[in-house]
Structures are given as structure tokens and as C-alpha cells.
Amino acid sequence: MSAVEKLPEDFCANPDVAWTFPKVFYTSSQVFEHEKEAIFAKSWICVAHSSELAQPNDYITRKVIGENIVIIRGKDSVLRAFYNVCPHRGHELLSGSGKAKNVITCPYHAWTFKLDGSLALARNCDHVESFDKENSSMVPLKVEEYAGFLFINMDENATCVEDQLPGFAERLNQACGVIKDLKLAARFVTETPANWKVIVDNYMECYHCGPAHPGFADSVQVDKYWHTTHQNWTLQYGFARSSEKSFKLDPSVTDPEFHGFWTWPCTMFNVPPGSNFMTVIYEFPVDAETTLQHYDIYFTNEELTQDQKDLIEWYRNVFRPEDLNLVESVQRGLKSRGYRGQGRIMTDKQRSGISEHGIAYFQHLVAQYHQ
């Protein structure tokens with residue numbers, strides 16, 4: 001890498017005197033290509049809740065750093081992941097999500113594959129000299145169910161998710177005891193014109209909550225709000241109050257808790273006040289200035305109550321657009337001649353509810369991949 005793309009090993013190591021990345025790290029295609037290979041091709045990436053693949057033949061597809069991935073539960077109930085391309089000539093095999101047939105058929109030349117990825121039939125292969133059926137299967141990648149969610153990893157030498165996020169599953173289950181019962185209730189898909197790190201930076205602080213999220217801020221008790229850092233994950237937690245602008249809570253519950261987890265590299269798990277539902281922000285970087293996001297909302301019941309429907313609409317029409325407008329504006333502003341190139345990370349000694357020390361922790365981790 002060129003000198004402009006390197007960062008010192010101790011970058012943001014001291015959050016009390018920290019500045020953000022130089023702006024090139026948010027805009028450069030060279031930086032993005034490096035991060036794509038050094039970070040995303042070698043990390044566990046969360047792609048969905050386990051309930052989306054609850055039954056045999058269930059499958060989903062995801063696009064991660066330009067790779068089309070299919071995750072499928074076989075007839076044997078085993079979870080598997082593959083690159084979603086035919087080994088013959090590269091045509092994509094499955095689209096969207098749903099229930100697969102007992103074989104996967106390529107739309108191009110009708111090669112068929114069993115749900116374990118092995119080749120079932122290649123038309124005319126008996127008449128093709130030295131055709132290698134064993135080497136014509138779908139190409140697998142690692143997949144793991146962890147903490148009630150599905151993770152994939154393109155690194156064939158990767159160890160388990162727990163090694164990447166030690167202690168996270170236990171803490172998440174403490175925050176939300178109904179994870180295994182959750183079901184997808186809503187998904188907002190956006191191709192956001194912002195670098196993936198801009199989006200994480202925004203999540204890693206509540207300094208902006210008062211000015212930019214008035215409804216959310218009306219429910220959050222900022223004087224009872226903490227942000228703790230762990231190994232490759234952080235936790236923002238505290239106590240809430242009922243608000244007509246956002247969360248309408250049971251008045252008999254004193255100081256209901258909320259939890260917001262960021263996990264390396266860029267998935268955010270939220271347990272709102274009440275602890276009986278979750279929202280998850282899945283980030284799938286596309287290029288230096290574009291990130292595909294799935295904002296998923298999960299409840300335990302399939303037939304939604306009116307309050308739940310109203311809450312979904314609040315997320316859709318109020319809370320979600322507030323964050324999208326913020327990160328899109330930042331991405332534009334970073335390229336201005338009026339931006340001095342780095343911003344001061346506003347960490348206070350008390351590590352209060354509005355302190356930005358979470359950003360410093362995240363940026364220090366990223367810096368280790370830019371030596």
C-alpha cells in the first residue's frame with residue numbers, strides 16, 4: 001500500500017486524545033479494495049437470523065463484497081453455504097430466498113446439484129473426455145449458527161465465531177432471552193451512499209441522539225447510559241422511559257433496559273426497551289462509498305399487534321431515515337475542501353452517555369489492518 005493508506009499501530013489507542021481516520025479512508029477505492037480482502041474476506045459476517053432457515057430446503061442469498069452467496073439447509077437439516085455460481089460457466093444459481101427443490105438447477109445449461117452442493121447431473125457429461133464430476137461441485141464456504149444468527153466466512157482457515165467475538169453470545173442472550181423464538185417481521189433494504197465505516201462511526205456514539213433522534217432521545221435516559229468495549233464488540237446499554245414519540249412501555253416496569261451491540265466488522269444488534277424483540281442492522285459493503293444495508297425487525301409473534309405495526313412504521317418513516325440522512329450527509333461532507341481531513345473524537349473522562357470513545361475503539365481495530 002502507498003504511504004497515504006497506512007496508519008500507525010497506536011492509531012486511536014488512547015481515546016482521550018483521538019482523531020478520526022483521514023478522510024481518504026472513507027472515500028478511496030484503493031482503501032476499500034484492501035479492506036475487502038484483509039477484513040471482509042477473512043472475518044465472520046452475520047447475514048440473517050436462524051429462523052430464516054428453520055426448515056429443510058430453506059435458503060437465502062446475500063451479496064457480500066461482490067460475492068453472491070447462498071446459504072441453505074439441506075434435506076438432512078445440515079446448514080451449508082456456497083458461492084452462488086455454477087462451476088460450469090459461472091451463471092448464478094438461485095435468487096432471493098425461499099424453499100429450494102430437492103436439486104438446484106442452473107438456468108443456463110441445466111446442470112443440477114444436490115443440496116449438499118455435489119453435482120447430480122451435467123448433461124452430456126458421459127460423452128465429454130476426462131470429465132471430472134468430483135471436481136464439478138458447488139464451491140463451499142464456512143457457515144455457522146451462533147447466538148441465534150447465521151454467520152459466513154470466506155476464509156477456509158477461519159476458526160469459530162466465538163473466537164472472533166468472545167463472550168458476545170452469552171451477553172446477547174442475557175439481554176434478550178427470546179432470541180430463538182424471534183421471527184422476521186419487517187426488513188428495510190437500502191443501498192446507502194456512505195462508506196461502511198461512516199455507518200459504524202454513527203452507531204458507536206449517542207452524542208448525536210439528542211439533536212438528530214428526538215423521538216429516541218425522549219425515551220433514553222442519557223444520565224443512565226453506558227458504552228463498554230470488549231474483544232471485537234461493544235455494548236451500549238442503559239435505562240429508558242416510556243415515550244409517545246417512540247417506545248410506549250409498560251408503566252409498571254421501573255427503568256426498563258435497552259442494549260445496543262456492535263460486532264466486528266459491521267453488524268449491530270439492538271434489544272430495545274422491553275427486551276422481547278430485536279432490530280439488527282446488517283452491513284454489506286459494495287464499494288468505497290456505497291453500503292447495502294438490511295434493517296431487520298424481529299418479534300416473537302407472527303400476527304402483529306397494532307402497537308407493533310405502529311412501531312415498525314416509526315422505524316421505517318422516522319428513526320431509520322434520520323440515520324440515513326446523517327451518514328449520507330457525512331459522506332458528502334468528507335469530500336469538501338472545507339473539511340480539514342480529520343475530526344476530533346469527543347471522548348470525555350466520565351465516559352458519559354454522549355462520549356465518543358466507542359468510535360476510537362472501532363477505529364483502532366480497523367487501523368491494525370492498515371499497517
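Don't overthink the numbers, they just go from 1 along the chain as shown.
Heads up, the Cβ atoms here are built off N, Cα and C, so glycines get one too.
Keep in mind that what you see is a predicted model, and the values were worked out from it rather than measured.
As recorded in Swiss-Prot, the features of this protein are as follows:
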type	residues	note
BINDING	Cys86, His88, Cys106, His109	[2Fe-2S] cluster binding site
BINDING	His208, His213, Asp323	Fe cation binding site
DOMAIN	44-152	domain 'Rieske'
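Cβ neighbour count within 10 Å across all protein chains ranks His213 highest among the binding-site residues His88, His109, His208, His213. In this view, the densest Cβ surroundings among the binding-site residues Cys86, Cys106 belong to Cys86, judged by other Cβ atoms lying within 10 Å. According to DSSP, Asp323 (Fe cation binding site) sits within a helical segment. The residues near the Fe cation site, meaning same-chain residues not in His208, His213, Asp323 whose C-beta sits within 8 angstroms of the mean position of the site's C-beta atoms, are Asn202, Cys209, Ala212, Phe216, Phe319, Glu322, Leu326, in sequence order. Taking a C-beta cut-off of under 8 angstroms and a sequence separation of 6 or more, Asp323 (Fe cation binding site) has the following same-chain neighbours: Asn202, Ala212, His213. Note: the Cα of His208 (Fe cation binding site) and the Cα of Cys86 ([2Fe-2S] cluster binding site) are spaced 46 Å from each other. Annotated [2Fe-2S] cluster site Cys86, His88, Cys106, His109; additional same-chain residues within 8 Å of its Cβ mean position, judged by their own Cβ, are Pro87, Arg89, His91, Leu93, Tyr108, Ala110, Trp111, Ala122. Residue counts for the domain 'Rieske' (44-152) under DSSP (helix as H, G, I; strand as E, B; rest coil) come to 7 helix, 49 strand, 53 coil.
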